[in-house]
Each structure stands twice: as structure tokens, then as C-alpha cells.
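Quick notes on the structure that follows.
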Amino acid sequence: MTEKAPEPHVEEDDDELDGKLNYKPPPQKSLKELQEMDKDDESLTKYKKTLLGDGPVVADPTAPNVTVTRLTLVCESAPGPITMDLTGDLEALKKETFVLKEGVEYRVKINFKVNKDIVSGLKYVQHTYRTGVKVDKATFMVGSYGPRPEEYEFLTPIEEAPKGMLARGTYHNKSFFTDDDKHDHLTWEWNLSIKKDWTE
């Protein structure tokens, strides 16, 4: 079997797809408006209580609605945690390189908080480049979440790191945490090196 380098491919932009599907997200409502709606519908009241909790959410008015705190590459065979702090200096993060051994199975875990209002259609998008050429684009639907003091955690399905001599090397990733309303909650860049071994 011959080894092949990752090939660049073109995917339709999410905005173009939304246009073709004629999808329009529902208008944004404040948390207070949502809590006041359909008060006499018992099943909806229970659902909202499950989503929002019992009491009023006290939020810092200066905080963004969504705060992405960290990204972790979850890999059982890794010698230690592979975690990036997304609350600090994102420019410094661009200069760091994280290592994955070729062919290992891993998942991406994202920790985030919703601070004020319900957010609909959260998604994690990752563009991957090698020597300046886009070689992959992945979009993961994260879902809709209500505000709460605790962090939420999202795990992608299991993926396999590229393998083979031609696949080894450094990949530059541009990651986006966005939603149906096209709010850019966080955009960051980071590097991933695929190596023959963890300690190579």
C-alpha cells in the first residue's frame, strides 16, 4: 500500500450552504423574554427549568455571553495531557506546537461557559493548513445551551491522526467557535505536529 500526503480539497462554505437551504435562525430573544413565554404550558415550563435551572441567572454584565476556556486533545496513549488555555494570550498560543503520534485515536474536547442568554446552534469549525494550503475543514455541531455557573464540555467523535512518512510534519489550525447567528465567540490559531513517536 502506498502512502499518500493529505490532499487539499474544496468544501462549500457554511454561509453558502445556509443560503441554498434557505435556513434562517429564529430571532434572538432575551433570557427574561423566554422565561416569561408560555407560562401556562406545564411541559414547556418543565423543559425551561431543565435547560435554565430554578433560579434567576445572575450574570456579569461585562462578560461575553459565551466564554471558551480551553481545548484538549483527548488521547489515551498520550504521555500527558494535551491542553491549551484559551483564556490567556492567544498570540503566544500561535507559537506553540502540540504533538500527536501518527495513527493514534483522539478526540477534541472543548470547555466553555454560557454567561447570560441561551445560545442557539453553537458550532466548532476547524480549518487545517499544511505549507499554506488548506488540507481539511471540519465542522462540529455543538448544540444550544442556557446560562449556568458551571462549564459545559463538548467532545467530538473519535478521529485518527494522519500516519505515514508523507503525513508527518506540522499542521497549522485555525479554530472558530461560532453559532447560528454568526457570532464569533472565539477564533484562535495553533500548530499540531504529527510525529513518528511521542518523544521523537
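In case you wondered, yes, glycine gets a Cβ from its N, Cα and C as well.
Marked as compositional bias 'Basic and acidic residues' by Swiss-Prot: 30-40.
Under the heading N-acetylthreonine, Swiss-Prot lists Thr2, citing similarity to another entry as support.
Annotation comment: Swiss-Prot describes Lys20 (among others) as N6-acetyllysine, evidence class similarity to another entry.
Under the heading phosphotyrosine, Swiss-Prot lists Tyr23.
Annotated N6-acetyllysine per Swiss-Prot: Lys24 (among others), in sequence order, evidence recorded as similarity to another entry.
The N6-acetyllysine annotation in Swiss-Prot covers Lys39 (among others) and rests on similarity to another entry.
Non-local contacts of Lys46 (N6-acetyllysine) by the CB criterion (under 8 A, 6+ apart in sequence, same chain) are absent. The DSSP secondary structure for Lys46 (N6-acetyllysine) is helix. Taken from Swiss-Prot, the feature N6-acetyllysine covers Lys46 (among others).
Within 10 Å of the Cβ of Lys101 (N6-acetyllysine) there are 19 other Cβ atoms, across all protein chains. Among the features that Swiss-Prot reports, N6-acetyllysine is placed at Lys101 (among others), with the record citing similarity to another entry.
Marked as N6-acetyllysine by Swiss-Prot on the basis of similarity to another entry: Lys123 (among others). Of all Cβ atoms in the shown protein chains, 16 besides its own fall within 10 Å of the Cβ of Lys123 (N6-acetyllysine).
Look at Ser144 (phosphoserine): DSSP puts it in a strand. Around Ser144 (phosphoserine), the C-beta neighbours below 8 angstroms that are at least 6 residues distant in the chain are Ile118, Val119, Ser120, Gly121, Leu122. The phosphoserine annotation in Swiss-Prot covers Ser144.
The Cβ neighbour count for Lys174 (N6-acetyllysine), using a 10 Å radius and every protein chain shown, is 16. The N6-acetyllysine annotation in Swiss-Prot covers Lys174 (among others), and the record cites similarity to another entry as its basis.
According to Swiss-Prot, the feature region 'Disordered' maps to 1-40.
Across the structure, Lys101 (N6-acetyllysine) and Lys174 (N6-acetyllysine) are spaced 20 Å apart at their Cα atoms. You'll find the Cα of Lys123 (N6-acetyllysine) roughly 14 Å from the Cα of Lys174 (N6-acetyllysine).
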